[in-house]
């Protein structure tokens, strides 16, 4: 005879399953789910805490890695105003002015080329440190330059340092970021370029009242400060996990991935993907064919990557953004603004616009995707460049012409910042395979810097030959061509891991309908492989 209210469980044990458990009952079920719910809640809280900590850590890494980009932006912004006073102090010619402005971009290509090889040898992290040191040396020489020749020496050193920096930052951030936030985080260098431009404009305006032989030196000297913080960053940021895998330091790579991925269960998946991509899972090395030879004699898939990466980098610059930013005082002067202080104040408005709209891109790039932003950007730039050309050619130097010129320039930099500015660097850091990423990314950066230098060094001469308006008509046509390039050659990479993107370019479906390949197709390729 059993106890009242005590039943037998399915496994032969005695339980309280037959006892009514109302709100007033003093008995509790031994198999109650409450402990499990408490445990689940506790685990959820721990996971949420880990996620917040991880996001903050990855954000800090992206910010510190992007500090070198401030140097490029600051130089672009500050030189637009400093050149006015350098010309007055050192009595340089217009040709020397063009060379001084544009040579930094040309020389930076050597830094970018060397940066690819250097980052493969000493790591992404220490390449960023090298960039800061070289730039500081160049900036110091420029500050104390007594002549145009010495100023050029400092400019050359600064250019090499910037070349290292602009090449390595997007690669590092792409390799350390979780897939879901890679687009936003890899856009950080472009944010900091814009921030640097704005700081350069503000510096011009703030120091313009000082004597001409002092103010431009202070303007250039302030640019040293961002690189100082990079020294502190080296104690915080880790090495790229993908570079560590290349060096067969797999345990260190796993440790970094644990810090940069919110979900621990994903770490091994990511690590295995990297191991397969690096061809170290079987203890092997890269194939005998050298990286340089592979880039010079690319496979069909690599050729597609190079067309996309190199092309988008070139289009970013040949649409004339550096001409707009470097020579905005001259453009506004052509529109009718004569006072130097008013000219520099107008450039501050350009810098603010450029910085604000890059934030819009950061919010949208992982939601809308890379390609929609590129469409908005290139089409909008085409319209604004045509408007600026029309204004400078037909509206004269009245109040309407001045207002339209300022509006067109601000519109152009806004559309640039919301799309092709940041997306260009995101794409080139995503699309190349691991063994080629650094050096192929460097090749793209070289195309970017060469086009930037050619535009900056020829803008005034071309404008004198065919007018400012005629030059911007050319830029508007080039921008229209970039719309077609985006449609034909640029695929959507949103939501795909770096290893999946590599497989995406290996499929014939890359061609047609703007290179759209669904994630399911890529996963099928992975399974098939």
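For all residues, glycine too, the Cβ spot is worked out from N, Cα and C.
Checking the ranges 33-51, 128-146, 242-260 against TrEMBL, the transmembrane segment annotation falls on 128-146. Among the ranges 297-319, 320-342, 343-365, the stretch that TrEMBL annotates as transmembrane segment is 343-365.
Highest Cβ pair count under 8 Å relative to the transmembrane segment (402-428), across stretches 57-87, 128-146, 185-202, 466-490: 185-202.
Sequence-remote contacts of a segment are chain residues at least 6 beyond its ends whose Cβ falls under 8 Å from one of its Cβ atoms, and for the transmembrane segment (372-396) they are 315, 319-320, 331, 334-336, 361, 364-365, 404-405, 407-409, 411-412, 414-416, 418-421, 423, 467-473, 475-476, 479-480, 482-483, 486-487, 490.
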